[in-house]
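Annotated in Swiss-Prot:
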- Q87, G105, E106, G107, K108, T109, D507: ATP binding site (BINDING)
- C890, C892, C901, H902: Zn(2+) binding site (BINDING)
Amino acid sequence: MIANILKKVFGSRNDRLLKQYRAVVNRINALESGLQTLDDAALAGKTAEFRARVEKGERLDSLLPEAFAVCREASRRVMGMRHFDVQLIGGMVLHDGKIAEMRTGEGKTLVATLPAYLNALAGKGVHVVTVNDYLASRDAGIMAPLYNFLGLSVGVNLSQMPHDAKQDAYAADITYGTNNEFGFDYLRDNMVYSPAERVQKPLSFAIVDEVDSILIDEARTPLIISGPADDNVDMYRRMNAIPALLVRQQAEDGEGDYWVDEKAHTVMLSEAGFEHAEAALVAADLLKEGESLYSAANITLMHHLMAALRAHALFHRDQHYVVQDGEIVIVDEFTGRLMAGRRWSEGLHQAVEAKEGVNINRENQTLASITFQNYFRLYKKLAGMTGTADTEAYEFQQIYGLETVVIPTNRPMVRKDSLDLVYRTGQEKYNAILADITDCHQRGQPVLVGTTSIENSELLAGLLKQAGLPHNVLNAKEHAREADIIVQAGRPGVVTVATNMAGRGTDIVLGGNIAPEIKAIESDESLTADDRAQRIAALKAEWQARHDAVLAAGGLHIIGTERHESRRIDNQLRGRSGRQGDPGSSRFYLSLEDPLLRIFASERVSAIMQRLNMPEGEAIEHSWVTRAIENAQRKVEGRNFDIRKQLLEYDDVANDQRRVIYQQRNEILESEEVSDMIAAMRDDVLSQLFDTWMPPQSIEEQWDAAGLMRVLEADYQISVPLADWIKAEPNAELDTFKIRILEQARALYDEKVAAVGAASMQQFERAVLLQHFDGAWREHLAALDHLRQGIHLRGYAQKNPKQEYKREAFELFSLMLDRIKREVTQIVATVQIRSPEEAAAAEAFEHEERPMTYRHDEFTVEGDEAGEGNPFTAEKLAAAGVRVGRNDPCPCGSGKRYKQCHGRLA
């Protein structure tokens, strides 16, 4: 209450910011008349003047009024579009590294030109990030004439582009592209074997369009580059028969074999379920009689079983995926778009392939990965724009340090948003929706019906067909026709059924969009200028008549067939109507059978309905019900925020390690000589080895000279008479013998360099270092994934899982660095090179290409009981039945005793 009083007296933070920005808008407007007197060459020449001032040290902030005024005047001349005052405010918000919330139809694409132009003057590159290739190409194509007029170059970064084209795109002043492609390019740049192969420059400034979709909705799914791993494809096919033999529990503590937790999106086997699963696996000849699924040797079997259960119980056709051309194609749960080429991890995709009876592809091993949260935090300055950010303002501030500023609309919003109607059953709900659509169609009012899945969109399309109502369907299966359908969605009486994708980025113009038709007439060379003018005038007259008819009918009517988990996505659907002061209306139709109400709010709403004694076909329409539903959505949003925050806390551990690895890798790439690094590694490895077998501050009885000589000879081809030295010099310090061994290793290395030449040896060593850095990092990612999947179980031992994860991840990282040193030293010491040609051949072998797959994948903090892809571990020894004594050499080949190496992790 006190906060509300203070807000009324002093205004909100948003109000105060807008007041500051409006003062700058006045300064920009004051420059307009002077710029209008300049000819085109003088106006375009302002860019060179600004760049010269920036080079002399002038800050971009002080240039802002002039640069924005120049950009606005250039836009008016080149494109016939003059930035509104609210668009200038939006541009300033973006330049300040904040998020601008601007309603649909307020011209976000045009707004981005202002900060893009200003920041491009510094010459460090500006990235404009969109959600798909179509929008990136479209926006770059529309805005390129403006940027080119001002003397700036524009690039488009698309998937499947050749390497040279990508380098050209990044070399441009302003680069448009998708979030996925920018992220993948960053990962690929950190896998190259030559600095010349890189495409990206240092990450300076990014403007993220639909920032809520990219930084919130997709934050739980990391970008993954993977390569094929060894995998038993037949196992998925055989395991697919097991879920049908198990019984699903109707309640968490009810009878049955497994419980499906829809809130957490997980499957859990009961004790009885484990027993029945073991019996079924024995009958299928997958498990030996008397063996347990819990044993270390059967970890992989357990993994396959859980993947099969998840595929059958949690992932449904035409909701989570579609079958297209004999392949499983994932459907994006937030946009409804098909995500061709993406695959679920942890064997889930293969399990779904087995369930649907299509060809099963091999599982992949992660080569590199990063979350959008950590990728976009690499930019020195980050900004975003969207129509719906205010509901997630807290998360933007907490995770990214981005403040959200709500920009007022250019014209008042007059759309009428009605209260939700809640029915008992889905059938009653769909009957009411059909009645509403029929009424709108008869009155000539266009309707956009939003659904949450392909399945629901096709169900509704079937009902409309039965009712004889003409309609268009816009879902992932009709992706190719998306732009055409959206263009016509504002015509009188047109009914459009759409999934969440709803053509974001494309405005629905009341009366229909005639721009493509006008463009076709203008490009038709067979017509005379008069014919063109007449046809365009006739088109515009027809459009005006349709536009007036739609306005009279009430504008675009939005119907939501159910509430989404997030209020923001509901607001996105509503935001399709009421653009630029147009009239419009919206209403959501719900039933107690909808997933959100069934899982989170059904008891409360059902109790209200029973109290009111609602007859069949009647609906509740009350602010209490709408508030109850919004509270349910807040619960889900809060839970999803916690998941994303938890994911970030875990991924920050990997991110710190990723930075170290990538930094060292870049130093190797860019340094002229790596021989000093090789020498330091060799001395470190041999010193550690010596101390392991001949411990410092120990007596002679604790030394194992024979063991050390064997390891040096076998692993490093260093022959030294250590035992003879000790006998001949009983009073010598241990360091004396260590130094002799290091000198012997150095002499052998110098002989190799002399044989092949320093330059050839440098190239070979660089290739060896990079290859082993990449290989070790690849296995380390698998180890971290394996560690993360089971870390939540530490909570049962009264330990903090996050602290345990950080501690063990650091231990694994230290072991990985030791392994890199050891393996590189072994390779350089043992490789037989007698000529520069052999060095080049060995380098080519180390630099062998491998096929890669690019995924934007599901990322879980708490996974199934077991995972795959973990490197050498104590568990693998147990599974293989190997017994290792504490003082025996570790079987991993480190040369250390088992208790000082992998025995520490046992």
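Each Cβ is built from the backbone N, Cα and C atoms, and glycine gets one as well.
Worth saying up front: this structure is predicted, and the values here are computed from it rather than measured.
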Fewest other Cβ within 10 angstroms of its own Cβ, chosen from the binding-site residues Q87, T109: T109
Listed in sequence order, residues with CB under 8 A of K108 (ATP binding site) and six or more positions away: G90, A100, M102, D209, M385, T386, G387
Residue among binding-site residues E106, D507 with least C-beta crowding, 10 angstrom cut-off: D507
Under 8 Å by Cβ from G105 (ATP binding site), counting only residues of that chain that are 6 or more apart: D507, R579, Q580, D582
Residues flanking the ATP site, with Cβ no more than 8 Å from the Cβ centroid of Q87, G105, E106, G107, K108, T109, D507 and excluding those residues themselves: M102, T104, L110, V111
Most distant Cα pair in Å, residues Q87, G105, E106, G107, K108, T109, D507 binding ATP: 17
Those residues of the chain, 6+ apart, with a Cβ under 8 Å from that of G107 (ATP binding site): M81, H83, F84, Q87
For G107 (ATP binding site): DSSP state (helix, strand, coil): coil
